[in-house]
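TrEMBL annotations:
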DOMAIN    21-144  domain 'Acyl-coenzyme A oxidase N-terminal'
BINDING   Thr150, Gly189  FAD binding site
DOMAIN    286-447  domain 'Acyl-CoA oxidase C-alpha1'
ACT_SITE  Glu432  active site, proton acceptor
DOMAIN    483-663  domain 'Acyl-CoA oxidase C-terminal'
Amino acid sequence: MTSTKVNVDLVRERAKCTFDLKELIHFVDGGEEITSERKAFEETVLAIKELKDDIPEDYLSHKERYENAIRKACILRELRVRHDQNKPLIPEKPTYVYNILPATIKDISPFFLHESMFIATIWGLMNDEQKAEWLPKAMEMKAIGTYAQTELGHGTFLRGLETTATYDPETEEFILNTPTLTAYKWWPGGLGHTVNHCIVVAQLYTQGKCHGIQPFIVQIRDLETHMPLPGVHVGEIGPKMGFQTANNGFLGFKNFRIPRKNMLMRNSEVKKDGTFVRSRSDKLTYGTMVIVRVNIVNDAAMQLSAAAIIAVRYSAVRHQSQPKPNEPEPQILDYVTQQRKLFINIATGHALRIVGRWLWKTMLGVLQNISEGNLEQLPELHALSCCLKAVCTQDCTAGIEQCRLACGGHGYMKSSNLPLLYGLTTAAMTYEGENTVLLLQTARFLLKTWTQILEGDTKLNPTVLYLLNFAKPTDYRWENTNQGIIKGFQAVAAGKIKTAYDTAMKHVGAGKSQEEAWNLASIQLVEASEAHCRVIICEVFSNEIQRASNTLSPNLSRVLQQLVELYLVHWALEKKGDILLYSTISRDDIAALRIRYEELLALIRPNAVGLADGFDFRDEVLNSTLGAYDGRVYERLMEEALKSPLNAEPVNSSFHKYIKPFWEKAKL
Ligand SMILES: Cc1cc2nc3c(=O)[nH]c(=O)nc-3n(C[C@H](O)[C@H](O)[C@H](O)COP(=O)(O)OP(=O)(O)OC[C@H]3O[C@@H](n4cnc5c(N)ncnc54)[C@H](O)[C@@H]3O)c2cc1C
């Protein structure tokens, strides 16, 4: 596309930008080298003709979409293997090189679960001998796999899973069975028709006793013919709200035998004679989940950033209404209500990427300690990854919907790509731990911490140290500054944790069981977790941008500081009820925050398009009629509409078949 074809509004917007776009792109990627690597990989991927589609995905049937996705997933897998050669399985930083993938498979790859949970579980839960056998097979795709935990009857409550693995010492095999309809595995990505292996989570029975759930690696299809093996009932679960090409499946077993060594034995073991040995802490299982959840934080941030780019560029191009007679219609980006919808999502996109990077670094440190036998920080990391996964996917889902609404009617078009982005992000609110349930897990950690504080223990984990400042009455005063707002959020989190703790204790005191008291206090517990998570996001975002300002140019640093402040003030206003309850904020402070919020919108306005460009998403990735770099919105909408198969003929046969006879009948 030549620059002369770029929409004039966008040309004007870009000319207004006050910072160096390249500098922002490098910052967003995490360094110039990463940008170069990402761009080189993008070029490689986009040069492959076979990855391009002639017909938009939406006009393909369910079956055709799957087949097309598999075709492309195979090409991409080969590229990834080549690219990842000699790289560590868990890289030092979250990698953005794969951001190009949505440009190819427009939805989710049927290998998604293979590349995430299957490999991560092999890495995390197999012993060294098993890993030596299975990791190369998985990396080379000889074993294509998924992670089959959820059943029709149970997802969250793992102890309720019904699939059984009963050990037979005679043959040294486990016998897998699906005893009821509700025991069928349901949901695993790729399970339908893609994978030949899966990790199956089942209740282990040996020597006549149930030892709870354990993971097993199970071959379910013949490696040559891909036919389901005898005793395996497998298929696809059908269309969903999104994830159309993920090939989510169901799976049942009838007396299906697997060798003893197929139980993943890093934590526990079944000896030849059937003796069960629990060798290491179950907490290690968290490690795998944490890696996957950290990735979800990064993915959600990417999806929100894409939605923000689309909505900001569209808002620069779109003109609507005529506030002043005889004057041109303004860009909708100039309406302050529109800025309110959009700028917070640019800020959130940046905030969550930075938090994702920080969480990744934290995770690597903890994994290193685990490898040296130190599990001390694992509960804190688990609590962090649970609440961050929940709050990030929740904020990103809400943000994408806001971006869609900001695009008016055209945002409702599938060709805007906003519905697909929404479908992807909202799914992440459920998978890898349903969000409410995850927030309750973090709450458990927070209540333990609060109990520690009440018992006078001041040796707390770093991310909850702030609670010590609020455990006793303090002379803390609200301040309308970044640090003041963060302190205010800390006061809110501490207040909510204390209230939830007191509520649970009150119910226990009134004779309720621990479980009943937990349920009765659970709304407050979830709110306490959310508040704690907001503290973490605000602190990390603010500190990291502050730290980066030493190396960034003053112009870029200023703009990023504005985004931090916007994020903080936005959430302070959103949560003003809580802040009024738990801090010393006054009505005047709130009024001043409102004014500052509007000032910040005005300050960010000239850089809005530059900030959106700074995420540096290729048009092929955005895949949007509304969000392309050149802003040719109306041309693209019409071009896409003309691709509808209904437009291939001026009169559809249904006219002769139904409407005409209907008229004839009506005449009678
Ligand atoms: C797109 C997608 C892909 C998926 N991929 C996979 C996969 O590859 N492999 C796999 O094994 N699974 C997969 N899943 C399943 C997913 O992990 C489960 O759906 C998820 O864990 C939630 O479990 P559930 O469906 O049983 O919901 P439920 O647990 O039944 O939740 C329903 C409601 O009950 C509430 N609830 C449940 N328990 C509690 C509690 N203790 N306290 C308070 N409230 C509670 C929840 O908050 C929620 O509001 C996928 C799901 C989706 C949507």
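In case you wondered, yes, glycine gets a Cβ from its N, Cα and C as well.
Because TrEMBL annotations are produced automatically, they should be read as predictions rather than curated entries.
Taking the features listed in TrEMBL, we show where each one sits on the structure.
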| residue | record | Cβ neighbours (10 Å) |
| --- | --- | --- |
| Thr150 | FAD binding site | 20 |
| Gly189 | FAD binding site | 28 |
| Glu432 | active site, proton acceptor | 21 |
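Taken through DSSP, the domain 'Acyl-coenzyme A oxidase N-terminal' (21-144) splits into 86 helix, 0 strand, 38 coil. A distance of 12 Å separates the Cα atom of Glu432 (active site, proton acceptor) from that of Gly189 (FAD binding site).
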